[in-house]
Amino acid sequence: MSMISRKQPSAECDNDDAAGSYGPLSTEQPTASPLNARSPSFSADNQFASPHQIRHSHDSQSRPYKGFSTPFCGLFQTSGGLPTANIDAEATRNKSSMQIEHEQYLHDLQMSHLRTDICSLSCFGVCQSDQTRYLFTQTLPPSFLKRVTYHIIIPVSIFLLAGWCSGNIRNEYANNVICALLIYIIFVWYVLACFNGRRERIMVREEILWKLKRREEKIKRRQEERRQSAHGVLAVSGNGSGGGGGQFDIPYNVASIDTQTEYEYYSDDEEEYHRNNYDLTLGQTRFEMNCAHRMCGCYPSDIAPVTSTNMDDNDDNIESDYMLHQPSAAPSSNGDLCTRIWNAFSNPCLTCVPCCGSYGCHLQLCGFCALAQEAREANLILPRYMRMVDYITMEPFLMYYPRILQLRRTTGSFWDHFNALSHLSSMILQTLAVILVAMLGISLIRAIGYWNLTDMGVLGATFLQAFAVMYVVHWGWHRYDLSIDAVIKYFAAGFLLCTSMAFGVELMELFLFRLIVTGVVSVLGVEQVEDNGYSRYLQSTGLDRGGNHARSLAEDADILQGFFDRQPVGRIIYILLSSFIFAGLVEELCKYFGFVMVDHPDFCSEHELSKAKSTISTQLSRCRSVQSDDVESSYNSEQEVPDAIASFEPSMQNRSLSSIRAGVTVAMVSVALGFSCCENILHIFVYNRSSLQSQITTLIAKSLFPVHPISAAIQSIYVCRRDLEKDSSIGLGRIVLPSLLFHGTYDFALLFISDSWKRSQASQYFYSGDNQQSLETIMTVCISFVILLCGGLCYVVQSQRQYCRLDQLSRSSRVCEVELSQHAPRQQSLLKRWKRRIMRRGD
């Protein structure tokens with residue numbers, strides 16, 4: 001068996017407050033949430049345990065879900081909010097610092113779980129898979145250029161070569177053979193790429209399980225050493241030597257003793273794997289690891305079915321302090337809208353036919369659930385400061401954020417802010433510039449017949465419109481509430497991630513809906529025939545099951561369209577579903593998810609940044625060991641810290657609630673603008689490509705009626721009510737509902753007017769003129785303007801009221817901070833007492 005071992009900086013070398021200080025920003029208060037209803041932190045013997053103690057007490061238990069701490073289908077089982085340093089003044093008065101820290105730690109886990117779950121679904125989980133692999137194995141993902149070359153440039157080049165051969169090879173037989181061979185090569189190329197990526201994901205999953213096992217064994221050894229040391233100190237104290245209370249001050253954070261750990265991961269030697277019973281050691285077999293990352297397949301369930309014994313003896317079940325989901329398939333009534341929707345699909349299927357000795361199996365696609373499970377494990381194991389890195393580039397936040405924070409205190413120019421971008425933002429802008437230049441070159445040389453210089457001008461105008469709105473909203477009013485770096489990342493998330501998610505879900509919804517309606521129409525015996533040109537339907541030549549002539553539908557080649565022409569009520573229901581469910585709900589949820597997916601230091605708390613600064617040498621060492629060619633390079637805790645980080649003051653992050661609220665609004669509007677920009681490109685160049693005039697008209701209409709930015713601004717009000725005002729009644733449903741009503745009403749009005757005019761013109765086909773079309777345009781513009789005006793006024797009124805409430809909370813928070821500072825010495829003495837009490841128990 002081949003074994004590769006390497007020394008990496010320990011990801012567990014954190015202090016008691018390693019989790020950081022995060023504001024209690026969930027929809028549910030910790031005192032009532034199942035997350036801590038039976039948590040060890042609230043037990044009688046460990047009432048005020050720190051987040052570090054909670055994490056390591058959980059590590060000492062067995063991981064019930066086939067070697068992991070959370071279930072395979074445990075997506076969307078938590079809900080969270082933005083991490084901030086602001087604490088509810090009224091709630092803080094009656095809580096100790098340890099209780100507050102515990103709540104903040106739980107809320108950070110909730111937000112981290114939600115973010116990683118969503119990132120595992122977008123773009124087939126590529127970004128989340130890269131980050132999880134980097135966090136556990138310190139392996140950087142392939143460069144962006146390499147991936148573009150491997151997955152886009154080479155296949156497109158082969159496709160273009162096939163197109164050239166089809167037009168230049170005169171021999172018909174040779175032409176067909178060569179073109180078919182080249183297309184087959186492209187197919188094989190992508191299949192091999194998928195298998196290679198799947199193999200890497202399986203190796204990472206196994207390595208994660210090995211590291212969790214090694215970590216568990218290490219913590220058990222340290223706990224035993226701590227017990228022996230504590231008993232030795234007690235024995236010395238009992239013999240009368242010494243006598244001060246300081247003899248019991250043994251550091252609880254034993255994970256910080258070692259600064260380096262040797263990890264091992266194993267090869268694909270199946271014989272060695274089974275001979276040593278590694279499947280029993282890790283919690284799952286190689287077969288189950290392969291099932292977890294298949295393109296499409298089943299994964300043996302890790303959740304026990306609900307039985308009367310499980311219901312009666314629920315106290316004996318292994319519990320998770322971090323998930324709403326317990327190791328049982330019982331339906332949970334906790335969570336928000338996403339949790340309830342996901343619970344309908346998370347239970348194992350085929351529970352009556354056990355799969356490989358398990359309790360059934362889960363249907364899975366592209367390894368989404370496995371990636372989310374592995375990412376949640378990273379959230380539980382690694383402290384917050386070790387996870388404060390950008391996606392794709394894996395650049396630590398503190399490598400670029402001190403420059404951004406310094407500019408917030410000065411009146412720098414736009415170019416100064418532009419020069420303070422992170423590597424990820426710079427890469428996004430460079431990629432956009434390269435694509436636009438390439439498209440311009442294609443339009444100049446007319447390499448593609450249907451893409452000319454006028455199309456390039458419309459494309460540039462589409463981006464320019466979105467950038468102009470963003471410049472006015474951000475730079476004109478809120479340049480100090482959110483950085484340009486964050487604006488670029490949120491815009492890119494909306495443009496790429498949100499659009500791809502929404503487009504995929506809408507296609508799936510439309511396909512299922514058409515399939516159901518077509519099946520119903522087919523069962524009813526409805527057939528499709530030709531129209532006679534006068535909107536009169538011909539008698540069908542077919543017979544239904546009763547031997548009678550089947551009812552006939554015609555006008556379009558689409559049987560669904562014909563059915564709606566005969567059934568106006570069905571058409572109205574279809575327009576309602578399309579406006580509020582197929583488009584409105586999906587797009588509003590995707591825009592909210594786009595906001596959640598981006599983890600940016602603009603919304604980090606002062607305590608998080610302080611902890612990150614104090615451990616920056618660990619992060620720099622990890623980065624440098626990754627970039628080095630020497631995989632055996634040891635960890636050096638005395639790495640040179642850049643001057644910008646050394647002079648960085650985390651206290652500069654402290655800002656008012658009103659500023660945070662403005663930053664949230666700008667961030668969500670940026671996501672909406674990115675989403676709207678990509679949607680406009682689709683509408684202009686796919687749905688309205690008939691002429692240049694139609695393209696320009698579509699762009700002007702989309703610019704005059706910014707539905708997505710207004711709906712995102714409305715969402716931001718309720719997000720801040722949940723996260724900043726601590727309104728526990730605000731969940732995902734209440735966040736999305738107002739924007740859904742606004743967006744759905746707008747879409748319904750436009751679709752209904754357009755459809756009514758089309759049917760009216762079809763019934764009056766002898767009349768030809770532009771008056772009817774002009775009247776339709778005027779009515780559409782007027783109704784759109786009224787709906788947008790109502791939505792904008794609603795946002796302005798609620799926004800002003802919220803700013804007043806936040807100002808009152810800020811004043812109350814300052815009073816509370818003064819009171820807490822007066823009691824700080826007493827709390828420190830109580831904290832020492834609790835630690836000594838825990839050490840006396842030897843646990």
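Here the Cβ of each residue, glycine as well, is placed from N, Cα and C on the backbone.
Caution: TrEMBL annotation is automatic and unverified by curators.
Under the heading compositional bias 'Polar residues', TrEMBL lists 24-50.
Here TrEMBL flags 1-63 as region 'Disordered'.
Sequence-distant contacts of the transmembrane segment (148-167) (same chain, at least 6 residues past either end, Cβ-Cβ under 8 Å): 142, 175, 178-179, 182-183, 185-186, 189-190, 193. The feature transmembrane segment is assigned by TrEMBL to 148-167 (among others).
Residues or ranges marked as transmembrane segment in TrEMBL: 173-195 (among others). Tertiary proximity for the transmembrane segment (173-195) is limited to same-chain residues at least six positions away from its ends with a CB under 8 Å from its CB atoms, namely 150-151, 154-155, 158-159, 161-162, 165-166, 295.
The transmembrane segment annotation in TrEMBL covers 427-451 (among others).
Annotation source TrEMBL lists transmembrane segment at 457-475 (among others).
Annotation comment: TrEMBL describes 487-505 (among others) as transmembrane segment.
Counting residues 6+ beyond its ends, the transmembrane segment (662-687) has Cβ neighbours under 8 Å at 82, 455, 458-459, 462-463, 465-466, 469-470, 473-474, 477-478, 481-482, 486-487, 490-496, 498-499, 502, 587, 590-592, 594-595, 598, 600, 602-603, 695, 698-699, 702, 706-709, 711-713, 715-716, 719-720, 723, 799 in the same chain. Feature annotation from TrEMBL assigns transmembrane segment to 662-687 (among others).
Residues annotated as transmembrane segment in TrEMBL: 732-754 (among others).
Summarising the annotation, TrEMBL assigns transmembrane segment to 774-797 (among others). Counting only same-chain residues 6+ beyond the ends of the transmembrane segment (774-797), those with a CB under 8 A from a CB of the stretch are 705-707, 710-711, 713-714, 717, 738, 742, 745-746, 749-750, 753-754, 757.
Tertiary proximity for the transmembrane segment (427-451) is limited to same-chain residues at least six positions away from its ends with a CB under 8 Å from its CB atoms, namely 144, 392-393, 421, 459-460, 463, 488-489, 492. Listed as Cβ neighbours of the transmembrane segment (487-505) (distance under 8 Å, sequence separation of 6 or more from its ends, same chain) are residues 121-123, 421, 424-425, 428-429, 466, 470, 474, 586-587, 590-591, 593-595, 597-598, 600, 666-668, 670-679.
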